[in-house]
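K.L.:
A single structure is presented below for examination.
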Amino acid sequence: MAPKRVRFKEDEVRMQNLHELSPNSVYAAVLIVFGCGLVAGYLSTRLPAALTVADLERTPSAFIAERAWASLKTLNDIGPKPTGSQANEVMAHEFLLKELDGIVGSAHANQQIELDRQTVSGAFSTSLLNTSLTSVYRNVQNVVVRLAGDEGDKAALLVNCQLVMLEVLRVLSRRHQRTRHPVVFLFNGAEETMLQAAHGFITQHPWADDVRAFLNLESSGSGGKEVLFQAGPHHPWLIDLYARAIRHPFAQTVGEEIFQLGLIPSNTDFRIFRDYGEVPGMDFAHIANGYRYHTRYDSMDFLSLEVLQRTGDNILSLTRALADSDELAAQDRSTGGTVFFDFLGLTFVHYSVAEGRIINATVALLALLVPLIGFARGRRSVAYRDILREVLFGLVATTVGAIFSIIACTTIARQLDFVGKTMTWYTNTYLIVGLYCCPALLAHCFVYMFLNTFFSNSKSELTLGQMTQARLGGVNIFWSIIALASTMAGYRSGYIPMVLLVFSLASSTVNAILNMGRTRRGWITVHLVFQLPALLWSTNFYLVLVQLFVPITGRFGGARNPEVFISLLAATGTLLCCSFLIPFIGQLRSTMNFTAKLSAVTVLTILVACLSPLGFPYRDESTGSAPTPQRHYVTHTFRVFHDEWGLYKSSDSGYMFEEMDRNTRQTIEEFVVPGQTLTPLRQLESCQKELFCAAPFYSLWHQMRFNNYWLPGPEPAFDNMVTMAYLGTEQLTEHTQRLTFAMDASIQSSIIIGPKEGVRLVGWSLLDHVPPPAKYAGREGHFVFITHGLPGPTWNVTIDVHHDQPKDNGQLLDIVVTTKFWEYHHMHTAEFEDLLAQFPPWAHAIPSVAVVSVFSL
C-alpha cells in the first residue's frame, strides 16, 4: 500500500501556479485578435482581377470590366443627372439608346431583343421612419429591354442594376444559347427620386405582369463588395439559387434586419417591386466608402475596375442561374423565412428559419453539456458544486462586464460630445479602438479582478486552469441565452452568437475526446486553435459594421449623438471578439500591469483625438488619401405669403441649412458665416404662424428628423416656378367641398396641405385614398412630393374637405407650394456663390434654390 501523501497548502499554491499564465500571454492574445482583424480586413477587400477587352477571345461569355467601365465613364462625364434636367432626360437618355442600338446590332442571330421607351406618370403613398407622404411623378422616362427566352413562356426575370446592366445585357445577347426564360432590363429614369420610375414600370408597363423575380443593385457607398442584404421576402428558393450561382458570396441576414429596423436612412426599389408588384427578389448594395455617397467624390475617380468585375461576375452569374431555373416559372415555389450568411467570403451558409431554431437550440444545449461531460471524465474527486460555482462565475462576469463596458463607453462618448470633440473617429476609424474598445475591455478586466478578489472560492479543489475552463462554460451560457432569446423573439440574427458557440463547442468536444482538460497547457492550445476562425468571423463582422455605420453618422442628423451609437457598437464588437479570451484573466500572474497599459492607451488616444490633427473628423482629397467630406445642404430661398383672397401679403428670403451631422452648425458658424448666428427653424416667427414653418422641404424625412437653420439673405434669382392656381369650389354635400387647382410648370416641387381646425382632408385626385398626415412643429399636413421628367401641360388637382361647421375664406386649408431647383447653376446669385465659396475644402455643399408660396384658403 502506497503511503498516503499529505498535501500542504504550499503544494496547492505551487500546483495552481503551474496553471498561471505569464504577463506576455495577454499581449499575445491582443496580437492574435488584431492579427485576425487584419486578415479579416484583407479578405473583406480582396477583389478578383479585372478582365479587359484583350481577354474576350479567352473568355467570350465573361463579364468584361473594361468594357463596362467605358460606358460608365461616358455617363459619369455627363455630370449630375437630377430627374427633369437636360443631363438626365436628354444626354443620358440618348447615350443609353445609342449603346442599346449597338448591343442590338452585335447580338447573336439566335437572340431576340425588344426595346421599349416608357414615359409614365403616376402616384403612390409611401412611408419611412413612421412618416408618410404621397409621391407623384409625371412624364418620367424609362428604357426597358427584353431579351427573349428559349421556351416561349412569359415568366421573366427583372434586372434593375444600373452600374453593370449594359455589360450583362451585352454578354447575354452575344451567346449562341438563349436563356430559358426572358430577362427584362429596366434602365429607370428617376431612381433617385423616391423610387418613382420603378413604380411606373411595375404598375403600368405591359411587361411587368410577366416578372416573377428581380435583382436590384443599390449603393450607399462607392466601392467594395456588393452585399446581399434583402432577399425574398419568404422565398428561400432565391437564396438556394444565390448559393449555387455566386462565385464571391457576401450576404448577411442581419443586414436585412438592420435595414428593416430603419437604422439605415434610405430605401430601395426592392420595396416598390415587393409592395406594388408582389414580386420576390434580391437587394444588393455597395457599402464601402459611404463617405462619398452623393458627394462630389461619388464618381469614377474613386471606383476601380476590380469592383466592377466582382459585381459584374456575381450579377451575370445570378442572372443566368435565375433565367435558366425551374423555380422562376413554377407555381408552387417554396416559401418561408431563411437564415443566410457568408463566412469571410469563402463559403455561404443558409437554412430555413425552422431549421435555424433547431440549430440554435441544439448548439446552445450542447455548448452547455459537452464541457460538463469533459469535466466528468477523470474528475470524480472534484465536487460538482465547485464546477457549477465557476460556471456561474463566468456567466455573471460576462454579463456584468458587458453592462459596465457599455456604461464606460457611453460615459466617454457623452463627455467627448460635451467638450465638442464629436466624431473624431470619422476619418481615422482606428481611433475607435483606443476610445471605446480599450475601455470596454478594461471594464471586463476590472469586473473579473473584482470578482476574483471578493468572490473566489479559496477552498475549491479546482486548479486555475480548471476554473478557467468552467468559466468558459459560463460564457457559453451567456451566448446561449442571447441566441435563444433572439430566436424566440423572431430575430434571425440569432445565428451570430450561434457561430461563436459552434467553435467553442468544437474545442470543448476535442478536449473532452482527447481528455486534454487535465493537461497544463494542451487544452489552451486546442481552445485557441478553434478560436482563430471564430475571431476571423467576429472581427470581420465588426469591421463590416464599422464600415457601414461610421459613414452613415455623417448623414445622421445633429439631434442624435453619434458618439453614443459608435461607443455601443464598439462595446458590442469587443464582447463579440474577446468574450472567449477574457476568462483567462484569472490565470494571469499580474493583471494590474495589463490594465495600467490599457488605461494608458485609452488616455493617449483621447488626447490624440482631442488635441491632434488626427482627431479632425473630415478630410479632402489633397492629402492623397480617401476623402471623407462633411455634407451640407444649403437652399437659397424666397418665400412669398398670400392672404385668404390669394393676394400678396409679404415676402422674405434667406438661406436654409440642414444639419446633416453633429458638427454642422459649428462648421457653418465658424467658416461660412463667421460672426453671425444661425436661427433654428423652429424658433422663427413664421414657424409659429405658418404650416410646417413655410420651409422649403423637398423630401420631408430628412427635414422632419434633422434640425434646420435659417439665415436671412438677399433674394435668389429664378426664372420659373410651380404655380397652384385656385380655380373654384364645388359643394359636394352640406359638409363637404371640392377645391380645384391648376398645377403649372414641370419642375421638382412639393405641396403641403394642412387642414385647419375642424376640417379634414377626405379625398383628392392624386390617389384613391388619403394617407395619414405628417406632423411638424405642432401642425399636421399631407405632404406631396412631385417629380417631372419631360415637361408636360398644366394639370388639375382636386381636394375634398369635410367640415362640421360652415367655414369662411381662410378657414379651410393652409397650403405650402415649394419649387426646388437642383443643379440650376445659372440661378446662383453672386451672394450665393460667395457663401458657397466660404465652405472649407473638406466640406461638400449641395446647393439648391427654392421658391415657397404660402396660401391660406
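Every residue gets a Cβ built from N, Cα and C, even glycine.
Features from TrEMBL:
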type     : residues : note
TRANSMEM : 21-43    : transmembrane segment
DOMAIN   : 164-318  : domain 'Peptidase M28'
TRANSMEM : 358-379  : transmembrane segment
DOMAIN   : 388-610  : domain 'Endoplasmic reticulum metallopeptidase 1/1-A TM'
TRANSMEM : 391-413  : transmembrane segment
TRANSMEM : 425-451  : transmembrane segment
TRANSMEM : 472-489  : transmembrane segment
TRANSMEM : 495-514  : transmembrane segment
TRANSMEM : 526-552  : transmembrane segment
TRANSMEM : 564-586  : transmembrane segment
TRANSMEM : 598-618  : transmembrane segment
DOMAIN   : 627-855  : domain 'Endoplasmic reticulum metallopeptidase 1-like C-terminal'
K.L.:
When you look at the transmembrane segment (391-413) alongside the transmembrane segment (564-586), do they share 3+ Cβ pairs under 8 Å, ignoring any pair fewer than 6 residues apart in sequence?
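P.N.:
Checked: the transmembrane segment (564-586) vs the transmembrane segment (391-413), in contact.
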K.L.:
With a cut-off of 8 Å between Cβ atoms, can you find at least three pairs linking the transmembrane segment (425-451) to the transmembrane segment (598-618)? Only pairs 6 or more residues apart in sequence count.
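P.N.:
Contact between the transmembrane segment (425-451) and the transmembrane segment (598-618): present.
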K.L.:
Can you work out which residues elsewhere in the same chain, 6+ from the ends of the transmembrane segment (21-43), have a Cβ less than 8 Å from its Cβ atoms?
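P.N.:
For the transmembrane segment (21-43), the list is 344-346, 528, 532, 535-537, 539-540, 542-543, 577-578, 581, 584-585, 587-590, 593-594.
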K.L.:
Across the whole of the domain 'Peptidase M28' (164-318), what does the mean pLDDT come to? Round it, please.
P.N.:
90
K.L.:
For the transmembrane segment (598-618), give me same-chain residues lying six or more residues beyond its boundaries with a C-beta closer than 8 angstroms to one of its C-beta atoms, as numbers and ranges.
P.N.:
412, 416, 419, 421-428, 431, 433-435, 438-439, 441-442, 445, 628-630, 663, 842-843
K.L.:
Below 8 angstroms Cβ to Cβ, which residues of this chain, lying six or more residues outside the transmembrane segment (391-413), approach it?
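P.N.:
Distal contacts: 435-436, 439-444, 446-448, 451, 455, 467, 470-475, 477-478, 561, 563-564, 566-568, 570-571, 574-575, 579, 582-583, 606.
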